[in-house]
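Report on the structure given below.
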Amino acid sequence: MAYLKIVLVALMLVLGVSAMRLSDQEDQDVSVVKRAACKCDDDGPDIRSATLTGTVDFWNCNEGWEKCTAVYTAVASCCRKKKG
């Protein structure tokens, strides 16, 4: 009987901790994809002194964004928001 009480208390603790974790995760925006910066063609000739104005996007650029490099890759593109 004592083992049953211990198991039930342990299960309640696990459920309580998992319920607290779910509420913490709701506050985080998981729909935002983490992206890396990249160098557009007009950022300058040297990668060390260039301001990286582009953003790496998988496959093609999203709507409202344009490809800013002349280099073609099958997996990712360097994109930035359209001007104007």
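FYI, residue positions are counted from 1 along the chain as it appears here.
Cβ coordinates come from backbone N, Cα and C, glycine included.
So that you can see what the record holds, here are the features copied from Swiss-Prot:
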DISULFID  C38-C78  disulfide bond
DISULFID  C40-C68  disulfide bond
DISULFID  C61-C79  disulfide bond
MOD_RES   K83  lysine amide
SIGNAL    1-19  signal peptide
Spatial neighbour of C79 (disulfide bond) that is closest, considering only the disulfide-bonded residues C38, C40, C68 and their CA atoms:
C68
Across all chains shown, how many C-beta atoms besides its own are within 10 angstroms of the C-beta of C38 (disulfide bond)?
20
Give the helix, strand or coil assignment DSSP yields for C68 (disulfide bond).
coil
Which of these disulfide-bonded residues has the least crowded Cβ, counting other Cβ atoms within 10 Å: C61, C78, C79?
C61
Pairwise CA distance, C68 (disulfide bond) versus C78 (disulfide bond), rounded so that it is a whole Å:
6
Nearest to C40 (disulfide bond) by Cα distance: which of the recorded positions C61, C78, K83 is it?
C78
Can you name the recorded positions among C38, C78, K83 whose CA is within 10 A of the CA of C61 (disulfide bond)?
C78
